[in-house]
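What follows is one structure encoded as structure tokens, with my remarks underneath.
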Amino acid sequence: MKNQLLFLRNGKVITGLVILGFFTLLALVGPWLSPYDPNQVSDALLSPPSATHWLGTDHTGRDILSQIIVGARGVLVVGLVAGVSATVVGVLVGVTAGFVGGIGDESLSALSNMFLVIPQLPLIILIAAQLPSAGGLTVALVIGATGWAWGARVLRAQTLSLRKRDFVEAARANGERTWRLVLAEVLPNLTAVIASGFVGTVTFAVLSQVTLSFIGITPVSDWNWGTILFWAQNNLALQRGAWWWFVPAGACIALLGMALTLVNFGIDEIVNPRLRSTGLHARSLRRRGIRPRVGFTPVVREVRS
Amino acid sequence: MRFLLRRVVFYALTAWAAITINFFIPRMLPGDPVTALLGRMQGRIDSNAEHSLRVLFGLDQDTSMWQQYLDYWGLLLRGDLGLSFTHFPTPVADIVSQSLPWTVGLVGVATIIAFVIGSLIGTFLGWRRGTWADGLLPVATFFQAVPYFWLGLITIAVLSVNLGWFPSSGSYDRGLVPAFSGEFIGSVVYYGFLPALTVVLSSVAGWVLGMRNMMVTVSSEDYVTVAHAKGLPERQVMLGYAARNAVLPQVSSFALSLGFVVGGTLIMEMVFSYQGIGYTLYQAVSTHDYPLMQGCFLVITLSVLVANMVADLAYALLDPRTRTEDR
């Protein structure tokens, strides 16, 4: 167990988790925390950041900080729902394909490869634009329905290599049922891959949803960071030099995406020890007397206390 | 040969799947926006065009689904994508074929630049891993996480509005007549610089990280050690032995990332009002022009498939294993 918690000691993972925790907190308590109602208009039209409006106001005097705080929930909920639904489909398709083999595998892999090659964003736009009301959850499900293929592909490859391992064969020889083989023997060994696929999908879902809001497909009254950018773009924030309108929202998206990527790096380093040693800081390597050179990659065994 | 044949079959299947998805989306989704629009168009639309719209959107209630599907294919094979509602009565096929070259040019140039620069930087970072060069990784991570369109907004704000170096929208000087002249091409390059720069900036990070991780893996292979032991110069080992092998997965992942890059470029066109297919899609979405939307999706998808096939062909040329492998 201690070995599994090891990745929490990784600096990148800690940074990522702290940022994620911050945004999660914002999503949970945001509406009570925000200084103003994000829809409340005021006389301070397009005013730069000040003591009363920390991040300034938009063209109708609405407080931008409040919009960002309230919008965090929309972004995170969509990311989570899309991530969970895509991961479930990905696990079902990928593990089944890897485990059954034969014609079932061929057709399932062909299906996921098709979904990989068809450009996702135009497909999502096409579906979302034709729905009568493309609210947050609908968009999340559409993203989930189109975004499972990458996870399925990676899981299939991993399952294929696990299927013939000795411990699975032993369990099979013991007369275990197929579903038990999959649930008890194969799935636990896929945890890291599933987790990394989940985090990747959440990143993609956040970016897609924000993009959809930015081009005005989701209702503009649902606050999320993309909606803020939609208003900014459509009211010439760029030309008016209102940087406080579009910089913070975009920075939040970038920060969230970066946090998710950092967590994913941590997971990758568990799976691939070669990357782990390079993940160590250059200085700490030198202090330990390890010189990374071509021809060999130092694989550091962490001392268990 | 076998490899190529399998790929061609796969792409044919995918094209069929995309066309079928395109057929089913307006039929499966609730609501019927097209009937409403047709009602508004009453009288202005001739019966022939109305028929093709009905076939494309599944409004003939009296024919079976299968018959509708066959009719749909019939229209597509004749290149009939219906009429655009907003640019009435221009056929969708005309609008799309006018905007497609702009997108192909933008995505093509930007992707090649990003691929070359990204792979070179990644080679260097992977070779010098564990040194100061690792400090560049967080920067790459940041650029990978930034949404395309926001980077576009920032470059417009800085390079166009504040510094005034580049125009913030459009794809060539409106005072010029499109012609194959130096002046016109210069204008296209000048207007296209900023969108291309943004696409390069946001897609280069993916290539850097992929190449770097492959270099880390490849550097510990025996043949690299042997090359070192032979006393070959560092540069030659890095480029001729390690990078040469590390770049193969890059080429094969090219196909998978292309759809993503194209999606990003479409958004970029919306930000820059660049007259490519993404901007057309944007206009179609904001004016509820359903035939145009469907047509855009179809053409985008088919173009991505063609590009993927080219990438696969390149991969087969680069990696002899795909040619000899017979399974």
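Residue numbers in this text run from 1 along the chain shown.
A Cβ is built for glycine as well, from the same backbone N, Cα and C atoms used for every other residue.
Note that the coordinates shown come from a computational prediction; the quantities given were computed from them, not determined experimentally.
Taken from TrEMBL, the feature transmembrane segment applies to A:12-33, A:75-99, A:111-131, A:137-155, A:190-217, A:243-267. Marked as domain 'ABC transmembrane type-1' by TrEMBL: A:76-264.
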Query: Is the count of Cβ pairs under 8 Å between the transmembrane segment (A:12-33) and the transmembrane segment (A:243-267), pairs 6 or more apart in sequence, 3 or more?
result: yes
Message: For the transmembrane segment (A:75-99), give me same-chain residues lying six or more residues beyond its boundaries with a C-beta closer than 8 angstroms to one of its C-beta atoms, as numbers and ranges.
response: 23-24, 27, 105, 108-109, 111-112, 136-137, 139-141, 143-145, 147-160, 162-163, 178, 181-182, 186-187, 190, 194, 197-199, 201-203, 205-206, 208-210, 224-226, 253, 256
Field: Of A:111-131, A:190-217, A:243-267, whichever stretch has the most CB pairs under 8 A to the transmembrane segment (A:137-155)
entry: A:190-217
